[in-house]
Amino acid sequence: MLSLLILLLNLTNHALGQNPAIKAILTNKGLQYGSHIGADWMQEKIGSVIIPDVRGGVDIGIGTVHYVLDGISVSGCDFPEPSVEFYEGVGLKAVISGLSISMSGNWHTRFGIITDGGSFDLAVFNVDVTSVVQIGSDWSGHISISSENCDARVGEASINFHGGASLIFQPFVSLFHNRIKAIIEERICPVVEERVTDLEQHLAEMQVSFKVNSALVLDVPLTNSPLVDSISLGLDLKGEFYSVQSHTDPPFKAEPFNLPEDKGHMLSLGLSEFTVNSASYAYFSAGLLQAQINDSMIPKTSPFRLNTTSFGPLIPQLPKLFPNMLMELQVYARDVPMFSFQADKVTLEFPGAVKAFAIQPNASRTPLFKLNVDSIFSGMIRISEEKLKGLIELSNFTLTLASSEVGTFQTAALEKFMKLGMKISVLAKLNAKLEEGIVLPTKHHIHLVNPALKIQQGFVSIASDLDVKSGEREHF
């Protein structure tokens with residue numbers, strides 16, 4: 001039943017004093033689904049549970065019979081759906097009522113110098129377990145999972161011995177029924193606590209950063225302890241991208257935002273402008289927002305070539321000063337491109353620049369001019385078929401002459417030409433890709449079901465149900 005928590009609590013650490021850029025809310029609907037798949041998983045796996053040997057002694061009035069029950073395996077289990085709820089200010093409370101398990105194994109007895117043995121069948125009925133798990137953070141800032149309280153009660157235990165002198169020994173079974181029940185009760189909670197401790201260790205050993213690609217690292221530490229109320233679990237994450245070259249913070253901060261809880265869905269996620277802008281800053285600061293364009297990159301079918309002759313109608317003096325020469329363009333961002341989220345719309349302001357060079361016969365480059373190119377893009381995004389889809393349009397495009405080695409020239413015609421090229425070539429290809437969709441990453445083979453994406457002021461929210469295929473639950 002803790003499987004769904006791993007999805008949310010995975011790879012987190014503290015970053016106190018910062019506003020979160022990513023928020024996640026697990027609702028009661030999500031908790032119940034996690035409880036359900038956890039129960040199914042336990043039903044499938046309980047048969048492979050290794051049960052330790054049971055040793056003890058029973059006073060039968062004329063002495064003590066020492067016994068060992070070993071080779072114990074589960075032969076059947078009725079695992080009821082647990083009742084799981086958020087425990088405000090603490091974590092989770094889980095109650096299992098009416099659990100029944102049948103087991104079989106071997107028995108060995110020693111009474112003085114007399115030894116005997118055979119097989120046995122053990123049935124345990126009406127087992128009730130109540131467990132409270134605390135969710136917090138440890139001194140190092142990692143997520144802390146600990147067993148706050150555990151209580152186990154066994155209703156009945158029935159055991160039958162076979163083989164050896166079991167017919168003689170069977171009448172004395174009632175004398176140690178209570179002992180068997182006590183042993184089982186004593187061992188349930190330590191098993192629960194061991195499982196919780198294993199999860200705690202697993203979380204404590206996890207890294208707090210994801211290497212997204214060869215250029216970016218995403219940090220997702222907690223900005224404060226998990227918030228648990230009676231209906232949900234909330235996580236606030238730093239959500240900041242860094243360049244792999246340097247761990248430099250951007251010159252802007254994450255702004256606070258309130259992620260609304262969608263009780264109709266299992267999970268709500270919120271992603272602020274800061275996260276995507278930190279990625280933009282990381283690319284920019286690493287010098288990755290630039291490209292070299294030469295004539296070989298222009299489609300052969302295009303009548304316009306990247307040479308001084310084709311630029312003649314736009315810059316008349318250029319072919320006169322540098323006749324019949326190939327050109328090269330250096331396109332780059334002169335400042336950090338910034339995203340902004342408004343109601344139902346994403347906007348990107350891209351302050352760019354273009355440096356033009358003439359390629360001399362000896363392959364050296366001669367600077368020609370520099371243009372400042374300021375673009376504003378706007379668009380919408382949606383989720384469909386577990387893919388991110390959308391549409392982008394050019395809202396504004398301004399071209400100005402920053403410097404020139406060939407003399408001044410009017411930029412109006414060049415601006416019109418470049419704007420048309422931007423729409424026909426760049427945006428057309430980008431929108432075709434967005435219409436095709438970008439597959440959303442999933443974790444632990446969890447699939448989004450009926451996700452609803454909404455662009456709000458300062459952040460994007462996604463509310464979704466989840467689905468874990470039965471064959472994929474091995475990964476939990």
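Glycine is treated like the rest: Cβ placed from N, Cα and C.
Note: TrEMBL links Cys150 through a disulfide bond to Cys189 (candidates: Cys77, Cys189). Averaged over the domain 'Lipid-binding serum glycoprotein N-terminal' (26-246), the predicted model has a pLDDT of 84. Sequence-distant neighbours of Cys189 (disulfide bond) (same chain, six or more apart, CB under 8 Å from its CB) are Val129, Ser131, Ser147, Cys150, Asp151, Ala152, listed in sequence order.
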